[in-house]
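Chemist: Take this structure first; my questions come after.
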Amino acid sequence: MKNKVRVPFSPDHPLCAPKLFTISAPAGAGKTTLVRMLAREFPDSFQKTLSLTTRAPRPEEIPGVDYQFVSQEEFQRRLDNEDFLEWVALFGEYYGTSRLGIDEIWKSGRHAVAVIDVEGALVLQSKIPTVAIFISAPSQEELERRLKQRGSEQDTQRQERLQHSLIEQAAADKFEYVIINDDLEKSYEVLKSIFIAEEHRNVL
């Protein structure tokens with residue numbers, strides 16, 4: 001068993017304040033898996049925001065845990081009510097981050113972690129302070145292999161995602177941290193170290 005050295009997060013301490021972490025990556029780079037690992041180790045320190053989307057759940061996804069899956073009509077209703085801090089249309093589907101969801105996580109004394117696309121992360125950066133993390137596959141070839149292995153897209157959809165990944169990769173320099181996910185365990189250790197360091201950064 002590994003020894004863990006970590007100073008407990010104390011949200012009531014005057015130097016501590018809950019933060020918003022954004023984690024973005026091309027489809028297939030491994031962001032969802034890494035965030036699940038983080039959630040298992042630090043359940044009391046942070047909570048993943050529940051993004052809304054109009055797309056269908058993938059086989060491994062759990063409604064109400066990975067996303068809140070809604071109809072086009074429900075998404076439009078939320079949009080009309082200005083419920084979203086950011087929203088995007090991607091591959092014919094809609095994705096949005098609820099401002100109320102982030103506020104509720106902060107009120108609980110935990111950090112909020114938004115697993116969102118690059119465009120959404122950049123919008124959030126322009127509105128509120130964030131800790132922006134970009135996760136990349138080691139190569140386009142590896143990204144394509146992972147998408148094929150995932151098997152949740154048709155060939156046309158997969159090619160669209162691969163083309164879009166080039167645009168996302170070009171925006172990596174707009175993020176504070178970049179993790180090349182060529183080894184899941186090592187990448188998780190890097191992500192964890194970022195989380196712990198930022199958790200105790202003096203923001204005053």
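Note: Cβ is positioned from N, Cα and C throughout, glycine not excepted.
For reference, Swiss-Prot lists these features for the protein:
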{"type": "DOMAIN", "residues": "18-196", "note": "domain 'Guanylate kinase-like'"}
{"type": "BINDING", "residues": "A25, P26, A27, G28, A29, G30, K31, T32", "note": "ATP binding site"}
Chemist: Reduce the DSSP letter at A29 (ATP binding site) to three states and note it down.
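Modeler: The three-state answer is coil.
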Chemist: Where among the binding-site residues P26, G30 do you find the Cβ with the fewest other Cβ atoms within 10 Å?
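Modeler: Relative to the other binding-site residues in P26, G30, G30 has the fewest Cβ atoms within 10 Å.
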Chemist: If you draw a 10 Å sphere on the Cβ of A25 (ATP binding site), how many other Cβ atoms land inside?
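Modeler: 27, counting other Cβ atoms within 10 Å of A25 (ATP binding site).
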Chemist: In the same chain, outside A25, P26, A27, G28, A29, G30, K31, T32, whose C-beta lies within 8 angstroms of the Cβ mean position for the ATP site?
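Modeler: Output for this site, in sequence order: I135, A137, R146, N181.
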Chemist: Give the number of CB atoms, excluding that of K31 (ATP binding site) itself, located within 10 Å of its CB.
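Modeler: I get 22 for this one.
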Chemist: Tell me the Cβ contacts of A29 (ATP binding site) under 8 Å, same chain only and six or more apart in sequence, or just say none.
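Modeler: The answer is I135, S136, A137, L143, R146, N181.
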Chemist: Please give me the CB contact count at 10 A for A27 (ATP binding site), counting all chains in the structure.
Modeler: 24
Chemist: Would you count the other CB atoms within 10 A of the CB of G28 (ATP binding site), including those on all shown protein chains?
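Modeler: Cβ-Cβ neighbours of G28 (ATP binding site) within 10 Å number 24.
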Chemist: Can you give the mean pLDDT for the domain 'Guanylate kinase-like' (18-196), rounded to a whole number?
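Modeler: Per the prediction, mean pLDDT sits at 89 for the domain 'Guanylate kinase-like' (18-196).
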